[in-house]
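The domain 'Major facilitator superfamily (MFS) profile' annotation in TrEMBL covers 43-462. The transmembrane segment annotation in TrEMBL covers 37-59, 79-101, 113-133, 139-158, 165-185, 191-212, 275-294, 314-331, 338-360, 372-396, 408-431, 437-458.
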Amino acid sequence: MEMADSQDIEKGSSGSLYQPFFHKDEKQQNSHDNGNLFMVILCTFVAVMGSFEFGSSIGYSSPTQQGIMEELGMSSEEYSMFGSILTIGAMAGSISCGRAADLIGRKGTMKMSSIISIAGWLIIYLSLGPLSLDVGRFLTGYGIGVNSYVVPVFIAEITPTHLRGALLTVHQVAIATGLLVAYTVGAVVSWRTLALTGMIPCAVMILGLYFIPDSPRWLAMVGCQAEFNAALQKLRGDAADVSREEAEIEESLVTLQHLPKATVLDLFLKRNLRLVIIGVGLMVFQQFSGYNGVVFYANQIFTSAGVPPNVGSILYACLQIIVLSLGAVIIDKAGRRPLLMISASGMLLGSLLTGASFCLKEHELASDMGPMFTIFGIMIYMGSYCLGLGGVPWIIMSEIFPLHIKGIAGSLVTLVSWGGSWVVSFTFSFLMDWNSYGTFLMFAIFCVVAIVFIWKLVPETKGRTLEEIQASME
């Protein structure tokens, strides 16, 4: 299917990817909008415990470094391995997350990830040396690799259309909150106690999963018709008319049931390739615009500006929560594409300002302006990332893939994201030694290409059911 040109987009052409595929009567569209939102919110709360755990795991290594190295006598190289093996575990989790979510369901996969994460935290708590620490860290990484896929997919599949973007953004808010809690609590408790607190969101998730239904779309896909009907009714409220939504889901599955079981090669078929390009492309720009490298360098930047690293980390985490909360409020009104465009543009500006500061420093020009450029550049960059490229690619990933390839495609997209995170984190210090302002210029170039990519290829998905989005992409 050809992309609509800019005139189509501006005029709202009915054939455009950026308009709803079906035109609904407004009353029909909102028939269940005021239904049982309590159950949807409860489901989201339980699911984002996995996101909170995500943030806790990422934030754990920062406040605990001195305590672990002193108590266990670890070298800097051994602790660096402990910090980075989380990403290796997440890559392993991303490989299996899609297939697991298709085989044992979204709830079963979240429960599995929580059990594995608890085992990882327990091993870290009991550790007496580097090896057991690394094993525990790998297991927690595996858990968050699974959660990074299954949590947004579950939320997208249970949420009414008009709330989907906002509630999916809660996934990112919970990650940032977990990060903030890890930084804050880690500043006042020992590393072993902090490991115990990492088990709390996992335990809450396991308990909460007993009180919520599984994804109706997954239940329909595996042929559990009675459970499908009951889950959808429970999510929309006993008095809600769910017949239209049931019909749309079942109609979309009729076509899928005639297709052979999806394999990795199916991702490269013409009808699926564009979806894969969009999903993978967004993750490539999310990572290779340099965010993980910037975060890696942020503590040094805060120190150079006279701000203690722990305080700087807490301030950054607070900024992240504020910007993400703003995004949650406006995403279903503004749309996904505008937030992505604004985000990439802000990151471009932040990269250029930061690069300029390093250039001034290297050539000993305007030395009093350099630190100010650096601080402004980094904060603009981080805030812009949180508004769009940090979370919206996960939202779009959860929306665009049809059920029969969602598991395989989601695993690929998640693997690209975690793989890119590892590459950027690993190479950033080498790039900075090579050429500091050239590094940020490279990130700026990625931001420019991201803007073009988003404008040309990424569809607007707000205000449309998952079935409408997927039908319009075929």
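Cβ atoms here come from the backbone N, Cα and C positions, even for glycine.
Three or more CB pairs closer than 8 A are found between the transmembrane segment (191-212) and the transmembrane segment (37-59), so contact between the two stretches is assigned (pairs 6 or more residues apart). By the Cβ criterion (under 8 Å, sequence separation of 6 or more), the transmembrane segment (338-360) is in contact with the transmembrane segment (437-458), since 3+ such pairs are found. Note on the transmembrane segment (275-294): residues 267-268, 340, 344, 347, 351, 354, 378, 381-382, 385, 389-390, 392-393, 396-397, 400-401, 405, 409, 412-414, 416-417, 420-421, 423-425, 427-428, 431, 439-440, 442-443, 446-447, 449-450, 453-454, 457-459, 473 of its chain, located 6 or more positions outside it, place their CB under 8 angstroms from a CB of the stretch. Here the transmembrane segment (79-101) has long-range neighbours at 57-58, 61, 65, 68-69, 108-109, 112-113, 130, 133-134, 137-146, 148-150, 153, 218, 406-412, 414-415, 417-419, 421-422, 425-426, meaning same-chain residues at least 6 beyond its ends whose C-beta is under 8 angstroms from one of its own. Beyond the ends of the transmembrane segment (165-185), by six or more residues, the same chain brings 40-41, 44, 47-49, 51-60, 62-63, 151-152, 155-156, 159, 194, 197-198, 201, 310, 313-314, 317-318, 320-321, 324-325, 327-329, 331-332, 336, 386, 390-391, 394-395, 398, 462 to within a C-beta distance below 8 angstroms of the stretch. When pLDDT values are averaged over the domain 'Major facilitator superfamily (MFS) profile' (43-462), the model yields 87.
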